[in-house]
Amino acid sequence: MIWYLLYPFRGTTEAPVLGPGHPLRDACTRYGRYAARHVITTLLISVTVASILIYPFPFLYTTDFTNGASGLPHHVWTDAQPLEEKRGLEPDVIMRYIWVHGDYMRALDRDILLGALELQNELLGPTVNFSPRRLSEPLDVVDLSDTTALDLNPQQRDAFHIINGLTDESWFFHSPLLYWSCDEDKVLSDHDLLATVNARKTQPTSVNVTLRHSIVFSGKRFEDRSLVAADSLVITLIHRRNSPVGRIWEAKCKELASKMADKWDVYPSDGSGTRSQLYEFQFRPMSIPDGIALGVAYLLTFVYFVVSLNKLRAVKSKIGLVITVMAQLALSILSSFTICAIFKIDLSKIPRLAYPVVIFSMSLENVFRLINAVILTPSENSTSNRIGHAFGNTAHVALASVAQNLLILWGLSHIVSPGVQAFCTFAAIAIIFDFFYLATFFLSVLSVDVRRTELSDALAKASIRNHRTPAEAKARQTWLDAMLQGKIAMSTRIAGTIVMIGFVLIAQWHFFENESLLRTLGRITAISKKYKDFGPPKSSLLVDIHQARSPTSWLRLQDHETAKEVIHVIKPNAHSYMARVFDPVVFVKKGADRMLSTRERPFLPAVYDFIRHQSTPFVVIVLVIGAAVRILMNYLLFDELAESTPPAAAEEEHLLTIQTLGKGHSLDVVALSASSDGHIVSVGLDRIVRVWDVKAGGASYALMGNNEVDIIFPILAMCIDDDSRWLALLMTGTVLFWDLQKQQWGPSVPVEPFRHRPEAFLFAAGEAEAVHPVLLLRRDGTMTEIRPEKGETDSYLVSDDSTIVSVGALVEKAKFTTKVMTSSRDGQVHCLSQDASGWNCNAVDIPRPRDKEFMSIVALPEIGFILVVRVQSIDLVDAATYSAIHSFKTDPIMPKTLKAFHSKRRTMRCGSVGLKYLTFAYLNAFTRDLVVQTYTPQDEGASICFRAPGQPVSKTCCRWPETKELRSVVKDPGTWEALPSRVMLGVRKKPAPKARLENGQALHNTNGGLRRRRLSHTQTATVVRTTDTWEIWMLSQAGNVETWDTLSLCQDSDEHEHLFVNSPGPMVRVGRGSVAVGLSNVIKVILVGHERFETGEETSALEDGLGTVMSRRRNKPSTLKGRPPILL
């Protein structure tokens, strides 16, 4: 919310982005990296803290209203609040008290009890074995106009008792002496007064009001859930306005001030309690509207949670995420309840269902902010770096949100009633604990999820948000104008704060629901001082006689069950009552020692009981839980999360790792094909076709013919289907199929003999076939459909007067259809579409600036568009209507080098396709440099819209002319590949070192060129190592931040495994974050970050669309949707 309030000054509602060198960001990044590397330690800290705070919970709270422990919230609104004096506002009852003191905290001494019994009998008449139901004769008519010297006999007094009928003259009373039936003999004969008091704490009075310790004693001290001392005895008279008993009580108090002056010191000295305050006592169960309101709040929070969860395409274990979030919420709430109990914060005033929803709504903000930050980090980074960068980028926002909410709660606590004030305190504590568990428990679980289930596999599918820099920001406008234009969304970032403030105000209004909303809002502005003082000014008796508790604070301690019982007596079927409460008349025993022998303990009595009796079990259980968590984590994670401290040199983990697949070929690898599950198929000049399993550590086997299958070289092309099951090998006159899962030969289909490599060779969409059809497009303008299940082929003529130079395919798995676009040397474009009867070929009229300008086709199948590549421009064309949407200016493009990838497809409100970015990568035709052009929308939250010019768009759409262009250039890229996560990866030669001199002459390579390509064991060590001449480079634009990294391709230990080579061989993408490159007779697998090679991975919207296999001896053909074809 703070960023919305600061919009007029900052010009944006986005949270500020701290620079990489900012101390706070650096500290949070280091912590996040440490937490990800030491998951077990971080998790143990959070679990230990949670155990320490949650274990005491059942000992600090009670549901049976035992004194000395806090009461859990119920499904009711309860409060005792002062009311303003208004003309015509009459109370339901009047409450009068006397407090009887002896020595400090010695009110339960026998002589004090007997003295209190004497005072009670003076005020009410004989009360021994009090039973007002017994009426032996009719009530005499008595003149009650003058009560100054009037006495009622017991029968007359009992006749007015409320148990005999609720009238305007009814009355009843509470007294601790009822534990002994107000019988002096029972008090004298009781040898254990404390035991009697504790045994009869649930004893009801004649009107079924329980004699709880809280209503008959003040200044109580508890041990082991039992009362051990009290500072005063409280005798309470509750009567209706016209009750004669009330008037007699008032008159008798004045008489007792002088009559008992020799035994008691009376405060006030004249015995008149004339000062009073009007209170409202509530015990209001949740109404149907309350239930509906909370139900709607929970439903909206749940819907927000589910919708946000569904947007997280990068999270595979969503059930685990839900459990983790719920566990974090439960830990925060229970920990907060424990802290509130320790510090005597009464949370019983507000229904229990209100507590989770407020914390839940605020917790989700930080959770999804952190997850989205992980999504935005480059997927090639290591897990610890990604978690560290994500936490460093979001921790300051979370801390600012925590500080903001704490400040808001602090302000609200000064303008709301005490019951709502306690809720504000709880919410503040819960917010702090929520951030703690976010930074420990959730962070460690998230890092485990990223590491084990490889969140990074799917992170490339997520949308990349475009962060505007200050230099790019447009001229500022007013917040209202931006809001009306739809450029400022009412983001869920402020949902938690809005829910928190809204609930606090609703709860405050609920306690004043008899008033209008405007009246309540007006009260809020003036309520601070009223509730701070809460009734009359502080009594001087706290100083004069050192009362352990003032009458005001005693009144606030009354539990809601007592209020419920009193309401049932005086206002049946109601949920509240108003009472005029008079200040008590205090009687202090003459000569009593009122010096403070002990001070009130700062914490709840149950805390000391817990420390006294549960310390040893508590320590043992915490240690057992910690050990169990450690053992469980070791069992689940095995050795993946070993907490060995890395050396200083390895503090920053390298983004690139290399795996060498050697000893599979004796001569050069000339073709490669790969699947998403980590299978690599290689063809060598040694006439060996070998299948490698990178996921299994590089295990391999060679394909061998049998009596039915004969592998005839050369192999012209090969491809793997999208399910990573079938490998198709194209030979001169046959297509062979190999089952990668069962490792056996499938069907073989003869084709028309042709010794030249095809322009395209790919699997098409199929319905129920075990092996999908394969399409073979030759440069002579023919396409052959190979149906392996039937062993048949059908040929179609695409163009009879020109040579095909590029192919683009759009495969729709859901509709089992394939559309193939081709371009010819003279610039003609044809479309082959599939229907039930076969294939239809049509010429497509795409305007050309110059006749017969070179044109190639690149398909973007996920969004249904194609790219028409010209000499110095790229046209974006709708594959359905063949209309050009936009033209991009480029450098001169080297033919067949363009690769394109984009963010996940969105559907805009206008119905059009939307993207967060679109990237082109190609070689400059003149300089041979790699050029990378990325297009993103101008405004935060907008998407690039594919609507044709002139058509209406929505407010969040950004047209192509309004996009921003980010251009990067890589000098001397060598052999390169584009990965779906906006990563460019290449292999090139290092700058050649100068020849070293020995004895004044330059050393010469004596290896004999290609005739002698292996390193001689007798060669001197002074010769420059050829293996050191190759390096890997990486350019990442993920997260709109360019990252550059290099690494030597070959290690010293690899020298004996491969031949010397002057240029790298073919390069192909493996999985989603790796590439394989042939280097003479070995294969180098280069992994960016962590790659899991998931089987059957769904094709991503970030598919590059041109995964061209590099060949060092052939021109590079186009690739298609699905696995790249391998063309020799």
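One is the number of the first residue shown, and numbering goes on along the chain from there.
Just so it is clear, glycine is given a Cβ too, placed from its N, Cα and C backbone atoms.
Range with TrEMBL annotation transmembrane segment, chosen from 355-375, 712-732, is 355-375. Looking at 254-278, 529-553, 954-978, 1104-1128, the range annotated in TrEMBL as region 'Disordered' turns out to be 1104-1128. Per-stretch counts of Cβ pairs under 8 Å to the transmembrane segment (423-446) identify 319-343 as the leading one among 39-61, 288-307, 319-343, 355-375, 395-416. For the repeat 'WD' (662-702), the number of residues in each DSSP class (helix H, G, I; strand E, B; coil) is 3 helix, 21 strand, 17 coil.
Spatially, the transmembrane segment (39-61) is adjacent to the transmembrane segment (319-343); three or more Cβ-Cβ distances between them are under 8 Å for residues at least 6 apart in sequence. The stretch with the most CB contacts under 8 Å to the transmembrane segment (288-307), chosen from 319-343, 355-375, 395-416, is 355-375.
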